[in-house]
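K.L.:
Have a look at the structure that comes next, please.
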Amino acid sequence: MSLRIYNTLSRELEEFSPLQPGRVRMYVCGMTVYDLCHLGHARSMIAFDLVQRWLKASGLAVTYVRNITDIDDKIIRRAVENGETIRSLTDRMIDALHEDADALGIERPTHEPRATDYIPQMLSMIGTLEKKGLAYRAENGDVNYAVRKFPGYGKLSGKSIDELHAGERVAVLDGKDDPLDPVLWKSAKPSEPEEVKWASEFGPGRPGWHIECSAMACELLGETLDIHGGGEDLQFPHHENEIAQSEGATGKPLANYWMHNGFIVTDNEKMSKSLGNFFLIRDVLKKYDAETIRFFVVRAHYRRPLNYSDVHLDDARASLKRLYTSLDLVAPQALAAIDWNDPYAARFKAAMDEDFATPEAVAVLFDLAGEVNRTQSPAQAGLLKALGGCLNILQDDPKRFLRAGTTLDEATIQAQIDARAAAKAAKNFAEADRIRNDLLAQGIVLKDSPTGTTWAAAQ
C-alpha cells in the first residue's frame, strides 16, 4: 500500500507522489514569536514532526522548512510594552521556542527562516505582482494584493470571493479596493520603531504577514512544494492569500498537497491566546513529562480536534505505562531494521500510510504489547520499541519511566521490599500487607513474581 494524504485543496485522500522521486519538499507555517508557545503550538509542531519522521521512515529524503514570523503588529506592540527592541524580544522568544520543542522531542527542521532575513525576496515578489497587475499602491502608502484579479481565489477554502468575508486576521484598512485584499507592504508609521522600517521602491515600511511565507517558501524550496502545512485556522485567509500571491507571481501551483492539523480545544473552544484559555508548554511540562504530552497528541488523528484536560493527560500517562510495562518484562532485542513483512509491522505501516492514522497505529502497539506479555519474546519487544520510535515514544528506559513521579528514593523503597520479604518469610502477613499498603499510599505499586518483587509508580 502506498502513502495517501488528505489534501485540503481537493478534500480527498490522494496517493502521495513527490515531484522528485525519493525527495520531499515540505513547508509548514511556524510561530509568531511575541510570546511563549502554548499546547496549540505543540500540537502543530508534533503533528508535522510526525509527518516528516514517517516520510523518512518510508525511505524519503525530506527538506523541511518551518518559518519564524519575527515581524508583526503583535511583536511591535509587545516590544513597546516591554520597553525592549524587536530583536531582543524575538531572540528571547525563539530561544524559548527551541527549549520547548527540544523538550518535547521535536526534531529541528532543515531550515527555520526568520522573516526579517528575507526582505529582499519579499520585495522582489511584490514587484513581480505589481508588474502583472495583481498588486496596487494605496493612497495610504500600502501595497495591496487585488484578490478579484486572481481567478483561483477561494479554491482552498472552497468559497467564492462573494461568499468570503474579512476574517479576524484580515485587517480592513483605508485604501483597499476590497476588504479581502491582503497588505503586501505596510507603509512606515511615524509611531513605529525605526528597526521595523525597511527602505524599498514602495517607500519605507515592512512586509505583510502573508507575503513572508510566499517568499521564504519559494526561496528555500522552489516555486512548487510537495507539502504545505499548518493549523486549520490558517486555511483562510493566510494560506488562501499565499496561494494567490505565489501562483500569481510564478504561474505555477504553490503546493501539490495541503495539510492542516486540528485544534487543541478546552471546553469545546479553540485554545488561543486571544481567548485566554491556553496552557503554556513549559507550564504543562512542570506537571507531565514530555513523552506523555507527545503521546496525548499522537493518540488522536492530526486532523481531529483534541480536547485538553488533566484527565486526558493522566489517561495518556497510564496508557504509556502499560506499554512500558511490557518492555520492562523482557529486554528488547535491538533491531537492525524493521521487518515490514511482520504482521504487526505491516498493520502499523498500513495505518500510517493512510493519512498518518496514529490512533490505529497506537492500537497496533497495544496489540503487540499484549503479544510481548504472552510470549516474553525479546524480538517482539524489540519490534514494539522500534515501531514506537517511529512516533518518538517508548525510547526511554522502562524502569526509569515506570518509576518516575515517586518522591521516595530507590534505596528506601528497596529497604521496604526487603522488610516485607522478611515479614512474609516469618509468616507475619499482617506486617507484609501493612508495608505494601504503606508504599501504595505513597504512590508505589509492588508486583510479586517467582523471581522476586519489583515496583513501579502508581498509575
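Note that the numbers count up from 1, one per residue, in the order the chain is shown.
Each residue, glycine too, has its Cβ placed from N, Cα and C.
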K.L.:
Can you pick which of Cys213, Cys390 Swiss-Prot lists for the same Zn(2+) site as Cys29, His238, Glu242?
P.N.:
Cys213
K.L.:
In Swiss-Prot, which of the ranges 31-41, 42-52, 295-305 has the motif ''HIGH' region' annotation?
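P.N.:
Per Swiss-Prot, the stretch marked motif ''HIGH' region' is 31-41.
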K.L.:
Select from 200-204, 270-274, 370-374 the stretch of residues annotated by Swiss-Prot as motif ''KMSKS' region'.
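P.N.:
Matching range for motif ''KMSKS' region': 270-274.
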K.L.:
Which residue counts does DSSP yield for the motif ''HIGH' region' (31-41) in the helix, strand and coil classes, in that order?
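P.N.:
Per-class counts: 3 helix, 2 strand, 6 coil.
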K.L.:
Cys29, Cys213: which of these binding-site residues has the sparsest Cβ neighbourhood within 10 Å?
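P.N.:
Lowest Cβ count within 10 Å among the binding-site residues (Cys29, Cys213) is Cys29.
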K.L.:
Averaged over the whole of the motif ''HIGH' region' (31-41), what is the pLDDT?
P.N.:
96
K.L.:
Counting all other Cβ atoms within 10 Å across every protein chain shown, which of the binding-site residues His238, Glu242 scores highest?
P.N.:
Glu242
K.L.:
I want the residues beyond Cys29, Cys213, His238, Glu242 whose C-beta is within 8 angstroms of the mean position of the Zn(2+) site's C-beta atoms, in chain order.
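P.N.:
Sorted by sequence, the hits are Trp209, His210, Glu212, Ser214, His228, Gly230, Leu234, His239, Asn241.
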